[in-house]
């Protein structure tokens with residue numbers, strides 16, 4: 001094996017190794033204190049009396065905790081909300097509303113962990129959230145308010161819990177619930193049954209008195225968001241449905257004696273962005289609603305403003321009423337239900353509820369228990385500082401806390417000083433509320449943003465491996481001589497990308513870089529080609545036309561973070577309502593194009609066994625009869641795919657089908673989506689098998705005659721894959737494939753070098769990803785096509801469909817790059833240049849035929865030889881190596897030990913971690929499931 005091949009092989013094998021090593025060091029394991037918290041000695045009894053140590057009586061003894069997935073704050077509090085009953089409770093004073101800030105990642109599993117433990121979950125939970133069969137993320141050994149309720153002694157014995165809804169709770173809390181019925185959160189096409197499965201249990205459970213906490217987690221509203229966004233016509237009816245459930249439960253609390261002391265909590269685990277997705281840190285994603293409801297709350301809401309609905313504090317934002325942290329739910333429930341605050345809690349008891357206790361000392365005790373619990377976590381972090389419960393001198397502290405400005409103090413020293421103020425207030429008998437809340441809020445912010453337990457050696461090792469990949473692949477690159485425009489542009493793009501990775505604003509708006517880089521490359525192709533041959537009508541030059549199409553493609557979907565809601569083609573209205581017929585006309589043209597191409601492949605396969613053609617032909621050509629039968633054979637497959645997409649869109653985004661005949665849509669909507677998808681996938685598989693067999697048969701015939709093929713099998717698989725990708729793409733994005741095909745055709749007209757083809761492929765891979773509406777935020781991951789043809793959850797099948805539906809554009813251009821490099825599918829004329837004697841009276845035609853023969857021979861040599869392919873892989877590998885090194889270096893340089901409001905490192909780290917799921921020697925594509933924290937978070 002040649003040394004270059006060995007180096008290239010080793011470099012590619014090191015890519016997943018480097019990613020895994022760096023990821024295991026960058027995503028640290030967060031330690032937690034095991035065991036259940038218990039009421040402890042508070043101290044200060046000499047001033048407050050012995051009764052001070054007895055926990056205050058809890059105002060509630062039952063809890064109904066209703067989670068509505070993706071319940072954004074405006075869905076409850078806004079003027080367009082469908083939850084009128086909840087708003088009436090707010091006006092009556094029976095409900096206390098908040099906006100709960102959900103820190104990124106805004107994904108169900110980490111948010112449930114935050115709600116139940118009061119802590120900041122690990123970012124690894126994002127991955128575990130998608131693993132339906134995962135059991136390693138359990139909270140069975142951690143302290144949560146569920147564990148505290150289960151351990152508490154009630155009148156009927158130990159606490160009993162029941163749960164209905166999202167089975168994430170069953171994974172997190174195994175063997176905790178007396179009764180449970182879980183539903184999968186990944187069937188996003190289901191808006192109704194997934195919620196009915198929860199609601200059907202509610203009436204009977206409201207009559208039962210054997211439970212102390214009932215948890216419900218509704219998924220339908222989140223599914224609607226994923227499918228059609230927050231403006232979907234299904235959104236308001238779903239809100240009204242949830243509102244009716246709240247009404248039924250609240251009426252039962254008022255009328256049933258055994259529910260008279262029940263606290264009813266309605267909340268969202270996260271919100272959603274303007275696209276209906278979540279996972280990132282946009283205001284819509286991090287602003288779920290939080291409502292506490294009970295007739296007892298009128299005691300503390302007499303002086304509160306009872307307006308509802310209301311407008312947000314800032315136009316375009318989602319902060320209604322008071323903003324609190326989602327982790328504040330855990331200590332608040334602890335105080336209201338009478339159990340110790342969970343040991344790992346970083347939440348703060350909500351001061352609005354202190355008036356439920358008549359004695360001021362009861363409220364002070366709750367706050368002190370909360371503060372002492374948080375102090376233990378602070379002490380574990382800052383072991384060199386003193387957090388004694390007696391007043392310390394400056395000498396004992398080691399620094400001065402008496403100054404008006406504490407900017408000279410470290411974060412740990414500042415917390416120690418704040419704790420001293422709490423101790424002083426307790427000793428002096430002064431108002432303790434202000435210093436206690438000041439300490440807890442500062443501790444909450446500091447401990448939530450402090451980096452911990454990074455395995456620095458692994459970070460350096462992973463980065464070193466990335467640099468080693470660059471070194472190995474560098475020595476396999478083609479010669480730098482002569483210097484070519486493609487080589488210069490390739491180097492320039494790599495350098496700019498590596499530098500810009502250190503800027504957080506670039507990470508958020510990366511698509512702009514690739515859009516402009518691709519535009520510049522097309523312009524460069526035009527200039528270099530014009531130097532070889534002047535086009536009198538330069539506007540129709542293939543590079544200029546490809547650039548014009550690129551301009552349309554980049555405006556198809558607006559993406560990124562800052563301008564995600566800006567105008568684009570898809571949302572401009574030309575494809576909605578009555579104009580949707582325009583969209584389906586373009587979709588039909590796209591399907592017609594792929595139908596014609598597939599029909600040619602089938603016709604060619606039928607011609608393979610045509611015995612009437614002369615045996616002297618090297619390649620048996622298809623006849624009109626073959627082409628007719630090919631079209632007849634392909635029409636059912638492509639037609640079924642189109643009907644499936646139409647039926648799917650009718651349920652997924654009905655506003656995109658309203659311009660089509662009502663009678664026709666009624667018949668289409670009656671079709672079984674599962675069966676249609678399976679018919680399409682089965683047809684693609686059978687077509688692929690048949691074409692492979694016939695091409696194998698042809699190859700045997702060519703081998704006997706010493707002839708070569710022209711890569712028709714590769715072209716056939718490319719076209720079959722395209723049809724599959726159309727099935728996995730949202731309807732409004734299908735026309736992009738028609739534009740991609742036009743660009744591909746125009747690129748075949750240019751005489752591109754192998755380096756230029758590789759660079760073009762890489763740029764189109766990046767551009768197509770963002771053009772299809774994706775971004776660097778995990779919130780843009782689309783799950784709507786993840787269950788096509790699947791009746792039950794299967795981790796491999798769903799994972800593959802999620803990948804192919806979200807990275808369809810990169811997959812398309814990765815395969816297109818292979819065809820461009822090998823000139824696959826081009827008509828071969830086998831021009832014999834020896835027959836072109838000088839006496840030929842058409843000299844220009846002779847020149848053209850010589851050029852044609854040269855190109856055909858070049859294509860045959862590329863397909864036959866390994867040099868061009870090795871060069872292609874070398875350029876891709878070096879590209880990935882440089883990107884990995886840049887990403888890892890940026891992550892290491894921006895991992896702070898203090899608060900950073902800008903989301904620099906998480907987005908980059910996720911790019912590194914998930915690259916192993918996507919990289920191969922043809923795509924060289926980084927995944928875009930990167931995450932942006934909204935507030936002070938750990939650098940992970």
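Placement of Cβ uses the backbone N, Cα and C atoms for every residue, glycine included.
What TrEMBL lists as domain 'GPI ethanolamine phosphate transferase 2 C-terminal' is 451-892. The annotation transmembrane segment is assigned in TrEMBL to 7-29, 459-477, 489-507, 513-531, 538-553, 573-594, 629-650, 670-693, 744-765, 795-821, 873-890.
The transmembrane segment (670-693) makes contact with the transmembrane segment (629-650): 3 or more of their CB pairs lie within 8 A, with pairs spaced 6 or more apart in sequence.
Segment contact holds for the transmembrane segment (538-553) and the transmembrane segment (744-765), given three or more CB pairs below 8 angstroms at sequence separation of 6 or more. Scored on C-beta pairs under 8 angstroms, the neighbour of the transmembrane segment (744-765) with the top count among 459-477, 489-507, 513-531, 573-594 is 513-531. Between the transmembrane segment (573-594) and the transmembrane segment (629-650), three or more CB pairs separated by 6 or more residues in sequence fall under 8 Å, so the two stretches touch.
Most Cβ pairs within less than 8 Å of the transmembrane segment (459-477), among stretches 7-29, 489-507, 513-531, 795-821, belong to 7-29.
Within its own chain, the transmembrane segment (513-531) has Cβ neighbours under 8 Å at 485, 489, 493, 496-497, 500, 506, 538, 541-544, 546-547, 550-551, 554, 750-752, 756, 759-760, 763-764, 766-767, 770, counting only residues six or more beyond its boundaries. Mean pLDDT across the domain 'GPI ethanolamine phosphate transferase 2 C-terminal' (451-892) comes to 84 in this model.
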